[in-house]
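Have a look at the structure below, then the notes.
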Amino acid sequence: MKTSFLALVSLLGASPLSINAFAPPSASLRFSSKSVNVNSNSNKRRASSRSSLVMKDFPKPNLEDTDNYRFAERMSTSFGTKYKASPEQKKKVAIIGGGLSGLSCAKYLVDAGHEPMVYEARDVLGGKVSAWQDEDGDWIETGLHIFFGAYPNMMNMFAELDIHDRLQWKIHQMIFAMQELPGEFTSFNFIPGIPAPFNFGLAILMNQKMLTLAEKIQTAPPLIPMLIEGQPFIDAQDELSVTQFMKKYGMPDRINEEVFIAMAKALDFIDPDKLSMTVVLTAMNRFLNESNGLQMAFIDGNQPDRVCAPMRDHIEARGGKVMLNSPVKEIVTNEDGTVNHLLMRTGEKVVADEYISAMPVDIVRRMIPKRWANMPYFRQFDELEGIPVINLHMWFDRKLKAVDHLCFSRSPLLSVYADMSVTCKEYYDTEASMLELVFAPCSPLAGGNVNWISKSDEEIIDATMGELARLFPTEIAADDKWPATKNQGPSALARLRKFAVVKVPRSVYAAIPGRNKYRPSQTTPIPHVTMAGDWTSQKFLGSMEGAVLGGKLAAEVVANRAIGNPDAPIKEIQEHIIEKAATHVAKEPLGVKGEGAIAFGAGAVLSKKNKELLLEVDPSQFEPAQVA
């Protein structure tokens with residue numbers, strides 16, 4: 001790898017190639033469409049503005065020929081071989097939470113011959129990938145979720161469930177809005193057949209719009225330790241923010257402005273001065289070592305039906321159970337701290353051989369039994385919290401100029417967006433656009449200067465319309481309803497006809513500097529209790545891939561224990577946490593108040609009732625931001 005990287009540095013330092021560095025994104029869209037399922041609900045109340053743009057699915061890239069994929073595949077196989085339980089070893093396992101991590105955990109436990117029972121508090125599966133239909137029948141998603149080639153556990157699971165055909169792979173490209181040229185875009189284009197890391201270097205080299213040659217050369221040296229030393233170097237950078245790392249290694253500020261701001265907001269909804277450099281290096285390490293790691297895919301419809309349902313069906317076909325509307329009220333313990341039973345809100349008592357939490361960290365903290373409260377393992381959870389984020393759905397009365405891909409907006413308020421009427425079969429529409437956008441950062445924790453969660457939907461949409469007017473200067477119409485559009489010219493005609501604002505007050509854990517050391521092992525100090533979730537200790541951080549892997553690792557702990565092997569050791573706990581735990585005054589757990597997505601750590605269009613609940617249980621979301 002060292003030789004390959006030095007060759008890459010040489011490539012970056014070469015004279016610019018005689019190649020058209022910016023092929024307009026539309027070039028990737030001039031193809032015949034595959035058959036698509038058009039949502040009949042999308043053909044309403046719109047001007048005649050039919051688009052010539054058609055959807056193009058690209059073949060599934062070669063994902064299997066990487067070390068990470070092969071490791072994930074061996075791990076999956078081990079549940080049916082190495083960890084396969086005999087009838088006498090079969091365990092009844094209660095899993096709290098039906099998000100990706102809980103479902104992944106149950107899937108691999110049932111593969112190992114156990115009987116998992118998933119208890120999901122809400123009426124829909126998926127947690128932070130959940131979705132539901134509004135009164136018009138349109139799908140509202142908790143977040144805009146993209147699948148990367150560098151998601152080895154997710155891709156293995158898709159193969160195991162035989163649902164790879166549900167992924168719509170896009171051209172191997174990254175598309176960025178041009179900050180200084182409103183309405184224009186540029187891209188990093190990955191040439192087929194060129195292996196990593198050369199494809200990544202060439203993609204950057206060919207682009208002449210974002211960084212100068214000198215800036216590209218200055219980007220390379222800080223990445224050398226990452227590629228030579230690997231994960232130890234990556235983990236060691238967790239104490240530094242992205243901007244601190246850049247300053248330490250002398251990287252030009254424009255690299256932050258042109259690339260890292262967009263990357264940081266896409267990875268964890270946080271600005272670079274707040275984001276741990278470990279997050280960025282983890283992603284870059286995958287992309288530099290896996291030829292198709294950066295290639296992206298959309299799921300072809302809503303995630304509960306297209307991803308969660310096959311997981312549920314797999315679990316239930318093999319003897320497990322997945323139960324909706326089943327909130328746990330309390331984890332009831334014996335005097336020695338072991339679990340006696342789960343007390344459900346209905347009054348039912350659930351007794352199992354093993355118990356697994358697949359809840360978000362903010363919810364787990366409210367559920368920790370009093371007898372566990374002084375244990376250092378659980379006190380380290382205080383150092384972790386979910387990051388606020390907002391997901392927007394915006395339906396327009398006509399087509400906007402769009403690309404069949406994810407776009408990095410590089411806007412102060414927006415992270416990434418996609419025109420789902422172009423990228424996704426279930427939402428496909430030739431006559432009108434539906435944009436799904438990630439609004440971030442939206443809190444001081446993430447680097448913002450406004451607590452946007454507390455703002456009205458109309459305030460958020462108006463701010464977004466102002467940003468869209470910049471991205472689409474000749475298309476977004478001036479509309480008295482949205483003051484931010486007042487300067488738009490008369491030729492711009494696209495008007496917003498409908499919107500949905502999904503607020504996720506506590507999304508993935510906030511990957512601010514210094515958090516990795518507090519992420520707990522799946523093994524806990526409580527016998528027969530295991531932790532799952534993307535916030536637990538695993539190398540893929542807070543993401544869909546991290547959630548699947550976190551659940552898989554928790555299943556491995558239980559399956560290994562069931563066949564008589566000793567548990568893996570608990571991850572080292574920081575000394576100051578041990579000291580803090582010794583003086584902590586244990587109290588009865590707060591428990592979860594209310595019902596629905598906000599109560600249980602997911603996202604929703606906030607009703608008055610939900611806003612009042614959020615104000616009660618998480619008042620920090622409504623505190624005025626302190627502007628420096």
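Residue numbering: from 1, along the chain as shown.
Using N, Cα and C of the backbone, Cβ positions are placed for all residues, glycine too.
What TrEMBL says about a protein is an automatic prediction, not a curated fact.
Annotated features in TrEMBL:
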- 1-21: signal peptide (SIGNAL)
- 100-558: domain 'Amine oxidase' (DOMAIN)
- S101, E120, A121, V328: FAD binding site (BINDING)
- F439: substrate binding site (BINDING)
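The record gives S101, E120, A121, V328 for FAD. Within 8 Å of the mean position of their Cβ atoms, the other Cβ atoms in that chain belong to I95, I96, G97, G98, G99, G102, V118, Y119, R122, G127, S326, P327, A358, M359, F600. Neighbour counts of Cβ atoms within 10 Å were compared across the binding-site residues A121, V328; the minimum falls on V328. Across the residues annotated as binding FAD (S101, E120, A121, V328), the widest Cα-Cα separation comes to 17 Å.
Recorded residues F439 (substrate binding site) and S101 (FAD binding site) have their alpha carbons 25 Å apart, per Cα-Cα distance. Packing around F439 (substrate binding site) is summarised by its Cβ count: 27 other Cβ atoms lie within 10 angstroms of its Cβ, all protein chains included.
Summarising the environment of E120 (FAD binding site), the number of other Cβ atoms within 10 Å of its Cβ, over all protein chains shown, is 27. Sequence-distant neighbours of S101 (FAD binding site) (same chain, 6+ apart, CB under 8 A from its CB) are G127, A358, A532, G533, D534, A547, V548, G550, G551, A554.
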